[in-house]
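Asks: The following feature annotations were taken from TrEMBL:
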type	residues	note
BINDING	D34, E35, D142	divalent metal cation binding site
COMPBIAS	287-297	compositional bias 'Polar residues'
DOMAIN	28-251	domain 'RNase H type-2'
REGION	252-314	region 'Disordered'
Amino acid sequence: MDLSELERDNTGRCRLNSPVPAVCRKEPCVLGIDEAGRGPVLGPMVYAICYCPLTRLADLEALKVADSKTLSESERFRLFAKMEEDGDFVGWALDVLSPNLISTSMLGRVKYNLNSLSHDTATGLVRYALDQGVKVAQVFVDTVGPPETYQKWLQQRFPGIEVTVKAKADALFPVVSAASICAKVARDQAVKNWQFVEKLRDLDADYGSGYPNDPKTKAWLRKHVDPVFGFPQFVRFSWRTAQSILETEAEDVTWEDSQTGDQEGLGRIKSYFSESPRTSPHRPHATSRNAAWSQPPLSRLPVCTPFTPPPPFD
């Protein structure tokens, strides 16, 4: 899988896709959706779709695709390579969401939680397939949240398509299994070849599993947290594990506009990443800001005298 586009810029999101098989623009198709990397504190989350004509579904099943979590890394790569060989009837597309995008979305002024981000990403991939001319007739989705609610939400957006949302869909429907393999192969490769934009000393490439409860992952986070600047962009700093390490390992921060001895202006670097102003006691109050910022916008503009042109030359 060619991830060179992601390696050039891994700070936002990246869409990758196979060519669309000609038959998928002519015959009704079944499409599966799954993700990889929803839970880890390290690395991107990858959403994937895989599709094929309904008349070729038995051929996809014959590849022995299965839930990617039950397969070894070598088995996943072998099956993905096989799907690539069968590109005359199997197509796929991916959305790779960077850790930076996930955390800034979740902690932005307007909250955008992981479920909403997941739902919108899945919807975007279905729309992408339709825009590419794929004749999508059925969609099978591994659920995020209550399956009944998610299915109703998707069905409203795609009224002409039969939508099925199930828990463990990657173990129930081969087309979802195929999507899970695409997503997992892409995430594994992205994590293994991650291009750090930060200049890290003694970078340890052994991250462990990347999951918050992995002792090796926690040790990596503690080793690579900067006391002032926090974590590299490989880390989802909105995760509780990362925030707890910031709380204990980061330096105190004094806000520039705080008065001497004002303890309210003294906080930790975690306050920059807190979920809302209401839950962050270290953020400066509006009353403590510089007076220039508390004035109406127009009153901060300098007073300009009218321009008087010079007299014309004789």
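Glycine is no exception: its Cβ is also placed from the backbone N, Cα and C atoms.
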Asks: Residues other than D34, E35, D142 within 8 Å, Cβ to Cβ centroid, of the divalent metal cation site?
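Replies: Result: I33, A36, Y47, A48, V141, V144, A169, D170, V176, A179, S180, A183.
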Asks: Minimum Cβ neighbour count within 10 Å among the binding-site residues D34, E35, D142: which residue?
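Replies: Least crowded of the binding-site residues D34, E35, D142, by Cβ count within 10 Å, is E35.
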Asks: What mean pLDDT does the predicted model reach across the domain 'RNase H type-2' (28-251)?
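Replies: That stretch averages a pLDDT of 92.
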